[in-house]
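Q: Take this structure first; my questions come after.
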Amino acid sequence: MCTSANNRLDQLTQILHPENLLNPTNASHPESSLRPDHPFKIAVVGSGNWGTTIAKIVSENAVARPHLFSHFVNMWVFEEKIDGTNLTEIINTRHENIKYLPGVKLPKNLIAVPDIVKAVKGADLIVFNLPHQFLPRILKQLKGHVPKTTRAISCLKGLEVNANGCKLLSTVIEEELGIACGALSGANLAPEIARGNWSETTVAYRVPADYRGPGKDIDKLVLKALFHRPYFHVNVIDDVAGVSIAGALKNVVALAVGFVEGLGWGDNAKAAVMRVGLLETIKFAKLFFNDAEIDTFTGESAGVADLITTCSGGRNVKVGRYMAETGCAAEEAEKKLLNGQSSQGIVTTKEVHEFLTNVNKLEEFPLFEATYQITFGSESIENLPNLLNNY
(Lines of atoms letter the chains of each structure in order from A and count residues from 1; the text may use other names and numbers.)
(Lines give C-alpha, C1' and ligand atoms only; values in the text may rest on other atoms or scores of the structure.)
Protein backbone atom coordinates (compact mmCIF):
# COMPACT_ATOMS: atom_id res chain seq x y z
CA MET A 1 0.00 0.00 0.00
CA CYS A 2 1.29 3.52 -0.70
CA THR A 3 2.72 5.60 2.16
CA SER A 4 -0.14 8.10 2.17
CA ALA A 5 -2.70 5.30 2.53
CA ASN A 6 -0.70 3.80 5.39
CA ASN A 7 -0.55 7.18 7.10
CA ARG A 8 -4.30 7.60 6.76
CA LEU A 9 -4.93 4.21 8.31
CA ASP A 10 -2.46 4.93 11.12
CA GLN A 11 -4.59 7.90 12.13
CA LEU A 12 -7.70 5.76 12.53
CA THR A 13 -7.43 5.00 16.24
CA GLN A 14 -7.32 8.67 17.15
CA ILE A 15 -9.98 9.71 14.68
CA LEU A 16 -12.42 7.02 15.81
CA HIS A 17 -12.27 8.10 19.43
CA PRO A 18 -15.89 9.00 20.32
CA GLU A 19 -14.98 12.55 21.37
CA ASN A 20 -13.28 13.20 18.04
CA LEU A 21 -16.22 11.87 16.06
CA LEU A 22 -18.60 14.15 17.93
CA ASN A 23 -16.20 17.12 17.92
CA PRO A 24 -14.14 17.09 14.70
CA THR A 25 -11.93 19.92 15.93
CA ASN A 26 -10.56 17.62 18.65
CA ALA A 27 -8.82 15.48 16.04
CA SER A 28 -5.44 16.72 14.89
CA HIS A 29 -5.95 14.99 11.54
CA PRO A 30 -9.63 15.40 10.57
CA GLU A 31 -10.78 12.83 8.03
CA SER A 32 -13.92 13.68 6.12
CA SER A 33 -14.26 10.01 5.10
CA LEU A 34 -15.23 9.27 8.70
CA ARG A 35 -17.69 12.16 9.02
CA PRO A 36 -20.18 11.26 6.31
CA ASP A 37 -23.14 13.24 5.06
CA HIS A 38 -25.31 10.52 6.60
CA PRO A 39 -24.51 7.35 8.56
CA PHE A 40 -23.79 4.44 6.24
CA LYS A 41 -26.34 1.62 6.37
CA ILE A 42 -24.90 -1.91 6.48
CA ALA A 43 -26.51 -5.23 5.55
CA VAL A 44 -25.11 -8.75 5.88
CA VAL A 45 -26.21 -11.56 3.55
CA GLY A 46 -25.70 -14.90 5.28
CA SER A 47 -26.18 -16.23 8.80
CA GLY A 48 -23.98 -19.29 9.24
CA ASN A 49 -21.38 -19.22 11.98
CA TRP A 50 -19.03 -16.92 10.01
CA GLY A 51 -21.86 -14.77 8.63
CA THR A 52 -23.31 -14.31 12.10
CA THR A 53 -19.88 -13.52 13.54
CA ILE A 54 -19.23 -10.81 10.94
CA ALA A 55 -22.74 -9.44 11.53
CA LYS A 56 -21.96 -9.29 15.26
CA ILE A 57 -18.76 -7.33 14.58
CA VAL A 58 -20.36 -4.72 12.31
CA SER A 59 -23.35 -4.37 14.64
CA GLU A 60 -21.01 -3.64 17.55
CA ASN A 61 -19.29 -0.99 15.47
CA ALA A 62 -22.63 0.51 14.46
CA VAL A 63 -23.31 1.09 18.16
CA ALA A 64 -19.78 2.30 18.88
CA ARG A 65 -19.69 4.71 15.90
CA PRO A 66 -23.20 6.14 15.50
CA HIS A 67 -21.98 9.12 13.50
CA LEU A 68 -20.51 6.75 10.92
CA PHE A 69 -22.97 3.83 10.71
CA SER A 70 -26.74 3.46 10.98
CA HIS A 71 -27.78 1.89 14.27
CA PHE A 72 -29.62 -1.16 12.94
CA VAL A 73 -27.83 -3.80 10.87
CA ASN A 74 -29.94 -6.23 8.84
CA MET A 75 -28.78 -9.83 8.48
CA TRP A 76 -30.48 -11.96 5.85
CA VAL A 77 -31.35 -15.38 7.25
CA PHE A 78 -32.49 -18.38 5.25
CA GLU A 79 -35.65 -19.11 7.18
CA GLU A 80 -35.92 -22.48 8.89
CA LYS A 81 -37.80 -23.90 11.85
CA ILE A 82 -36.05 -24.76 15.11
CA ASP A 83 -38.40 -26.76 17.35
CA GLY A 84 -41.35 -25.16 15.57
CA THR A 85 -40.10 -21.56 15.80
CA ASN A 86 -38.65 -19.50 12.96
CA LEU A 87 -34.92 -18.99 13.27
CA THR A 88 -35.34 -15.26 12.57
CA GLU A 89 -37.75 -14.96 15.50
CA ILE A 90 -35.30 -16.74 17.78
CA ILE A 91 -32.44 -14.45 16.74
CA ASN A 92 -34.54 -11.30 17.16
CA THR A 93 -35.97 -12.25 20.56
CA ARG A 94 -33.20 -14.27 22.20
CA HIS A 95 -30.37 -12.45 20.39
CA GLU A 96 -28.61 -15.71 19.67
CA ASN A 97 -28.23 -17.84 16.55
CA ILE A 98 -28.87 -21.09 18.38
CA LYS A 99 -28.26 -23.26 15.31
CA TYR A 100 -25.10 -21.85 13.76
CA LEU A 101 -23.46 -19.85 16.57
CA PRO A 102 -24.88 -21.19 19.85
CA GLY A 103 -23.82 -19.69 23.14
CA VAL A 104 -22.83 -16.31 21.69
CA LYS A 105 -24.90 -13.26 22.60
CA LEU A 106 -25.65 -11.01 19.64
CA PRO A 107 -26.14 -7.22 19.72
CA LYS A 108 -29.75 -6.10 20.00
CA ASN A 109 -29.33 -3.82 16.98
CA LEU A 110 -28.70 -6.85 14.73
CA ILE A 111 -31.98 -7.67 12.99
CA ALA A 112 -32.60 -11.04 11.32
CA VAL A 113 -34.62 -10.62 8.11
CA PRO A 114 -35.95 -13.58 6.05
CA ASP A 115 -36.67 -11.56 2.88
CA ILE A 116 -33.39 -10.86 1.11
CA VAL A 117 -34.63 -7.84 -0.85
CA LYS A 118 -35.92 -6.23 2.34
CA ALA A 119 -32.70 -7.11 4.14
CA VAL A 120 -30.52 -5.09 1.74
CA LYS A 121 -32.98 -2.26 1.05
CA GLY A 122 -31.27 1.10 1.49
CA ALA A 123 -27.89 -0.44 2.29
CA ASP A 124 -24.78 1.54 1.42
CA LEU A 125 -22.65 -1.59 1.90
CA ILE A 126 -23.62 -5.25 1.57
CA VAL A 127 -21.41 -7.89 3.19
CA PHE A 128 -21.82 -11.25 1.45
CA ASN A 129 -21.05 -14.19 3.74
CA LEU A 130 -22.59 -17.51 2.74
CA PRO A 131 -21.52 -20.76 1.03
CA HIS A 132 -20.51 -19.73 -2.45
CA GLN A 133 -22.58 -22.37 -4.23
CA PHE A 134 -25.65 -20.36 -3.18
CA LEU A 135 -24.36 -17.10 -4.64
CA PRO A 136 -25.94 -17.39 -8.13
CA ARG A 137 -29.43 -17.80 -6.68
CA ILE A 138 -28.91 -14.92 -4.26
CA LEU A 139 -27.64 -12.57 -6.98
CA LYS A 140 -30.58 -13.48 -9.19
CA GLN A 141 -32.96 -12.44 -6.40
CA LEU A 142 -31.10 -9.18 -5.79
CA LYS A 143 -30.70 -8.14 -9.42
CA GLY A 144 -32.59 -4.92 -10.07
CA HIS A 145 -33.00 -4.18 -6.36
CA VAL A 146 -29.51 -2.84 -5.57
CA PRO A 147 -28.50 0.69 -6.67
CA LYS A 148 -25.23 0.99 -8.61
CA THR A 149 -23.87 3.25 -5.87
CA THR A 150 -24.04 0.42 -3.33
CA ARG A 151 -20.69 -1.15 -2.38
CA ALA A 152 -19.98 -4.72 -1.30
CA ILE A 153 -17.47 -6.92 0.50
CA SER A 154 -17.30 -10.64 -0.21
CA CYS A 155 -16.38 -12.97 2.65
CA LEU A 156 -17.10 -15.96 0.39
CA LYS A 157 -14.46 -18.61 -0.17
CA GLY A 158 -14.33 -20.05 -3.67
CA LEU A 159 -14.13 -19.39 -7.38
CA GLU A 160 -16.59 -19.45 -10.26
CA VAL A 161 -15.54 -21.80 -13.03
CA ASN A 162 -17.23 -22.09 -16.42
CA ALA A 163 -16.31 -22.65 -20.06
CA ASN A 164 -15.03 -19.08 -20.29
CA GLY A 165 -12.53 -19.41 -17.45
CA CYS A 166 -12.20 -18.74 -13.74
CA LYS A 167 -13.56 -15.71 -11.89
CA LEU A 168 -13.23 -14.30 -8.40
CA LEU A 169 -16.54 -14.28 -6.55
CA SER A 170 -16.11 -10.55 -5.96
CA THR A 171 -15.98 -10.16 -9.74
CA VAL A 172 -19.16 -12.22 -10.11
CA ILE A 173 -20.92 -9.92 -7.65
CA GLU A 174 -19.66 -6.85 -9.51
CA GLU A 175 -20.79 -8.15 -12.89
CA GLU A 176 -24.20 -9.40 -11.77
CA LEU A 177 -25.19 -6.40 -9.65
CA GLY A 178 -23.11 -3.67 -11.29
CA ILE A 179 -21.54 -2.60 -7.98
CA ALA A 180 -17.96 -2.39 -6.69
CA CYS A 181 -16.96 -5.32 -4.49
CA GLY A 182 -13.91 -6.08 -2.35
CA ALA A 183 -13.00 -9.11 -0.25
CA LEU A 184 -12.37 -10.06 3.38
CA SER A 185 -10.34 -13.09 4.40
CA GLY A 186 -7.84 -14.07 7.05
CA ALA A 187 -6.90 -16.46 9.82
CA ASN A 188 -10.44 -16.38 11.12
CA LEU A 189 -12.03 -19.31 12.90
CA ALA A 190 -15.52 -17.96 13.58
CA PRO A 191 -16.14 -19.47 17.05
CA GLU A 192 -12.92 -17.96 18.42
CA ILE A 193 -13.69 -14.49 17.06
CA ALA A 194 -17.32 -14.65 18.18
CA ARG A 195 -16.11 -15.22 21.75
CA GLY A 196 -13.84 -12.19 21.56
CA ASN A 197 -10.52 -14.00 21.20
CA TRP A 198 -7.96 -11.80 19.45
CA SER A 199 -7.58 -12.31 15.71
CA GLU A 200 -6.66 -10.34 12.60
CA THR A 201 -7.95 -10.23 9.06
CA THR A 202 -7.32 -8.64 5.67
CA VAL A 203 -9.81 -6.50 3.78
CA ALA A 204 -9.05 -5.83 0.12
CA TYR A 205 -10.79 -3.02 -1.72
CA ARG A 206 -10.04 -0.88 -4.74
CA VAL A 207 -11.82 2.45 -4.73
CA PRO A 208 -13.97 2.37 -7.91
CA ALA A 209 -13.91 4.85 -10.77
CA ASP A 210 -17.33 6.20 -9.75
CA TYR A 211 -16.20 6.97 -6.18
CA ARG A 212 -18.21 9.96 -4.99
CA GLY A 213 -15.67 11.35 -2.55
CA PRO A 214 -14.90 11.29 1.20
CA GLY A 215 -17.98 11.35 3.38
CA LYS A 216 -20.21 10.45 0.46
CA ASP A 217 -19.02 6.93 -0.31
CA ILE A 218 -17.42 3.83 1.19
CA ASP A 219 -13.62 3.89 1.16
CA LYS A 220 -10.76 2.11 2.94
CA LEU A 221 -10.99 4.16 6.11
CA VAL A 222 -14.70 3.44 6.40
CA LEU A 223 -14.09 -0.27 5.87
CA LYS A 224 -11.46 -0.36 8.58
CA ALA A 225 -13.82 1.46 10.92
CA LEU A 226 -16.58 -1.03 10.10
CA PHE A 227 -14.66 -4.26 10.70
CA HIS A 228 -11.96 -3.30 13.22
CA ARG A 229 -12.61 -4.29 16.85
CA PRO A 230 -10.31 -4.53 19.87
CA TYR A 231 -10.36 -8.32 19.36
CA PHE A 232 -10.45 -8.27 15.54
CA HIS A 233 -7.66 -6.26 13.92
CA VAL A 234 -7.96 -5.28 10.28
CA ASN A 235 -5.43 -4.42 7.59
CA VAL A 236 -6.85 -2.85 4.41
CA ILE A 237 -5.03 -3.40 1.12
CA ASP A 238 -5.72 -3.17 -2.63
CA ASP A 239 -5.15 -6.81 -3.62
CA VAL A 240 -8.65 -8.21 -4.07
CA ALA A 241 -7.38 -11.03 -6.30
CA GLY A 242 -4.70 -12.21 -3.87
CA VAL A 243 -7.00 -12.15 -0.85
CA SER A 244 -9.74 -13.99 -2.75
CA ILE A 245 -7.49 -16.71 -4.19
CA ALA A 246 -5.81 -17.37 -0.86
CA GLY A 247 -9.20 -17.63 0.82
CA ALA A 248 -10.50 -20.07 -1.76
CA LEU A 249 -7.57 -22.44 -2.25
CA LYS A 250 -6.65 -22.83 1.43
CA ASN A 251 -9.77 -24.98 1.81
CA VAL A 252 -8.47 -27.47 -0.77
CA VAL A 253 -5.20 -27.71 1.14
CA ALA A 254 -7.06 -28.14 4.44
CA LEU A 255 -9.02 -31.06 3.01
CA ALA A 256 -5.72 -32.74 2.09
CA VAL A 257 -4.31 -32.02 5.56
CA GLY A 258 -7.37 -33.76 6.98
CA PHE A 259 -6.57 -36.82 4.87
CA VAL A 260 -3.06 -37.25 6.30
CA GLU A 261 -4.25 -36.40 9.80
CA GLY A 262 -6.90 -39.10 9.56
CA LEU A 263 -4.23 -41.66 8.69
CA GLY A 264 -2.22 -40.61 11.74
CA TRP A 265 0.84 -39.53 9.76
CA GLY A 266 1.65 -36.70 12.16
CA ASP A 267 2.69 -33.07 12.00
CA ASN A 268 5.56 -33.56 9.56
CA ALA A 269 3.19 -34.85 6.89
CA LYS A 270 0.72 -32.05 7.53
CA ALA A 271 3.50 -29.47 7.20
CA ALA A 272 4.58 -31.03 3.89
CA VAL A 273 1.05 -30.76 2.51
CA MET A 274 0.79 -27.14 3.67
CA ARG A 275 4.12 -26.23 2.07
CA VAL A 276 3.11 -27.70 -1.28
CA GLY A 277 -0.34 -26.13 -0.95
CA LEU A 278 1.14 -22.67 -0.47
CA LEU A 279 3.39 -23.12 -3.51
CA GLU A 280 0.48 -24.23 -5.69
CA THR A 281 -1.71 -21.38 -4.45
CA ILE A 282 0.94 -18.81 -5.38
CA LYS A 283 1.53 -20.52 -8.74
CA PHE A 284 -2.23 -20.47 -9.45
CA ALA A 285 -2.36 -16.74 -8.70
CA LYS A 286 0.65 -15.93 -10.88
CA LEU A 287 -0.64 -17.96 -13.82
CA PHE A 288 -4.26 -16.89 -13.89
CA PHE A 289 -4.59 -13.54 -12.05
CA ASN A 290 -1.87 -11.11 -13.11
CA ASP A 291 -2.91 -8.42 -10.64
CA ALA A 292 -2.50 -10.68 -7.59
CA GLU A 293 0.41 -9.58 -5.39
CA ILE A 294 2.69 -12.33 -4.06
CA ASP A 295 3.33 -10.38 -0.84
CA THR A 296 -0.31 -10.96 0.08
CA PHE A 297 0.31 -14.71 0.38
CA THR A 298 3.33 -14.33 2.67
CA GLY A 299 2.71 -11.10 4.55
CA GLU A 300 -1.03 -10.87 5.17
CA SER A 301 -3.42 -12.67 7.49
CA ALA A 302 -5.29 -13.69 4.33
CA GLY A 303 -2.23 -15.62 3.15
CA VAL A 304 -0.03 -18.06 5.01
CA ALA A 305 -1.58 -17.20 8.40
CA ASP A 306 -5.02 -18.24 7.14
CA LEU A 307 -3.55 -21.38 5.61
CA ILE A 308 -1.98 -22.39 8.93
CA THR A 309 -5.15 -21.70 10.91
CA THR A 310 -7.44 -23.47 8.45
CA CYS A 311 -5.16 -26.50 8.36
CA SER A 312 -5.01 -26.61 12.17
CA GLY A 313 -8.74 -27.14 12.54
CA GLY A 314 -12.05 -26.16 11.02
CA ARG A 315 -14.62 -27.96 8.96
CA ASN A 316 -12.48 -28.91 5.94
CA VAL A 317 -9.88 -30.69 8.08
CA LYS A 318 -12.68 -32.43 9.98
CA VAL A 319 -14.24 -33.70 6.77
CA GLY A 320 -10.93 -34.90 5.32
CA ARG A 321 -9.98 -36.60 8.57
CA TYR A 322 -13.33 -38.38 8.83
CA MET A 323 -13.09 -39.55 5.23
CA ALA A 324 -9.65 -41.05 5.93
CA GLU A 325 -10.73 -42.66 9.18
CA THR A 326 -13.98 -44.18 7.91
CA GLY A 327 -13.60 -44.47 4.14
CA CYS A 328 -16.92 -42.68 3.64
CA ALA A 329 -17.67 -40.25 0.81
CA ALA A 330 -17.14 -36.50 1.15
CA GLU A 331 -20.85 -35.68 1.08
CA GLU A 332 -21.57 -38.22 3.82
CA ALA A 333 -18.83 -36.77 6.03
CA GLU A 334 -20.11 -33.25 5.43
CA LYS A 335 -23.66 -34.22 6.35
CA LYS A 336 -22.62 -36.03 9.51
CA LEU A 337 -20.19 -33.44 10.87
CA LEU A 338 -21.26 -29.95 9.86
CA ASN A 339 -24.80 -29.40 11.18
CA GLY A 340 -26.17 -28.30 7.81
CA GLN A 341 -23.17 -26.15 6.87
CA SER A 342 -20.84 -26.69 3.92
CA SER A 343 -17.25 -27.80 3.48
CA GLN A 344 -16.03 -25.27 0.94
CA GLY A 345 -13.01 -27.46 0.26
CA ILE A 346 -15.18 -30.10 -1.40
CA VAL A 347 -16.81 -27.61 -3.77
CA THR A 348 -13.60 -25.72 -4.54
CA THR A 349 -11.63 -28.92 -5.17
CA LYS A 350 -14.07 -29.82 -7.92
CA GLU A 351 -14.08 -26.30 -9.39
CA VAL A 352 -10.28 -26.13 -9.48
CA HIS A 353 -10.10 -29.52 -11.19
CA GLU A 354 -12.61 -28.44 -13.84
CA PHE A 355 -10.74 -25.21 -14.50
CA LEU A 356 -7.29 -26.83 -14.69
CA THR A 357 -8.72 -29.46 -17.03
CA ASN A 358 -10.09 -26.73 -19.31
CA VAL A 359 -6.71 -24.97 -19.51
CA ASN A 360 -4.69 -28.21 -19.68
CA LYS A 361 -2.69 -27.47 -16.51
CA LEU A 362 -3.53 -30.44 -14.27
CA GLU A 363 0.05 -31.72 -14.15
CA GLU A 364 1.33 -28.41 -12.77
CA PHE A 365 -0.82 -28.72 -9.65
CA PRO A 366 -0.31 -32.26 -8.29
CA LEU A 367 -1.66 -31.57 -4.78
CA PHE A 368 -4.85 -29.92 -6.01
CA GLU A 369 -5.41 -32.76 -8.48
CA ALA A 370 -4.59 -35.48 -5.94
CA THR A 371 -7.10 -33.95 -3.54
CA TYR A 372 -9.74 -34.05 -6.26
CA GLN A 373 -8.99 -37.66 -7.21
CA ILE A 374 -9.11 -38.77 -3.56
CA THR A 375 -12.37 -36.88 -2.99
CA PHE A 376 -14.20 -37.71 -6.21
CA GLY A 377 -12.14 -40.38 -7.97
CA SER A 378 -10.48 -43.66 -7.07
CA GLU A 379 -7.09 -42.46 -5.83
CA SER A 380 -6.00 -43.65 -2.37
CA ILE A 381 -4.84 -41.31 0.36
CA GLU A 382 -1.91 -43.62 1.03
CA ASN A 383 -0.50 -42.79 -2.42
CA LEU A 384 -0.42 -39.03 -1.77
CA PRO A 385 3.37 -38.84 -1.09
CA ASN A 386 4.12 -40.48 -4.45
CA LEU A 387 1.90 -37.96 -6.23
CA LEU A 388 3.95 -35.09 -4.79
CA ASN A 389 7.40 -36.40 -5.73
CA ASN A 390 8.13 -33.42 -7.99
CA TYR A 391 8.12 -31.15 -4.96
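The backbone N, Cα and C atoms fix where each Cβ goes, glycine too.
According to Swiss-Prot, the protein carries these features:
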BINDING   GLY46, SER47, GLY48, ASN49, TRP50, GLY51, PHE78, PHE134, ALA190, ARG315, GLN344  NAD(+) binding site
BINDING   LYS157, ARG315, ASN316  substrate binding site
ACT_SITE  LYS250  active site, proton acceptor
Q: In terms of DSSP three-state secondary structure, what is the assignment for PHE78 (NAD(+) binding site)?
A: coil
Q: Check the binding-site residues TRP50, PHE78 for other C-beta atoms within 10 angstroms of each C-beta and report the one with the most.
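A: That would be TRP50, with the most Cβ atoms nearby.
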Q: Cβ within 8 Å of the substrate site centroid (LYS157, ARG315, ASN316 excluded): which residues?
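A: In sequence order, the nearby non-listed residues are ASN251, ALA254, LEU255, THR310, GLY314, SER342, SER343, GLN344, GLY345.
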Q: Just counting, how many other CB atoms are there within 10 A of the CB of GLY48 (NAD(+) binding site)?
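A: 23, counting other Cβ atoms within 10 Å of GLY48 (NAD(+) binding site).
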Q: Could you say which of the binding-site residues ASN316, GLN344 has its Cβ with the most other Cβ atoms inside 10 Å?
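A: Of ASN316, GLN344, the one with the most crowded Cβ is ASN316.
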Q: Starting from the Cβ of ARG315 (substrate binding site), draw a 10 Å sphere and report how many other Cβ atoms land inside it.
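A: Around the Cβ of ARG315 (substrate binding site), 25 other Cβ atoms lie within 10 Å.
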Q: Near the residue listed as 'active site, proton acceptor', how many other Cβ atoms are within 10 Å of its Cβ?
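A: For the residue listed as 'active site, proton acceptor', the count of other Cβ atoms within 10 Å is 32.
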Q: What are the sequence-distant neighbours of ALA190 (NAD(+) binding site), meaning same chain, six or more residues apart, C-beta distance under 8 angstroms?
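A: Spatial neighbours, sequence-distant, of ALA190 (NAD(+) binding site): ASN49, TRP50, THR52, THR53, LEU101.
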Q: Taking the Cα atoms as reference points, how far is GLN344 (NAD(+) binding site) from ARG315 (substrate binding site) in Å?
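A: So the alpha carbons of GLN344 (NAD(+) binding site) and ARG315 (substrate binding site) sit roughly 9 Å from each other.
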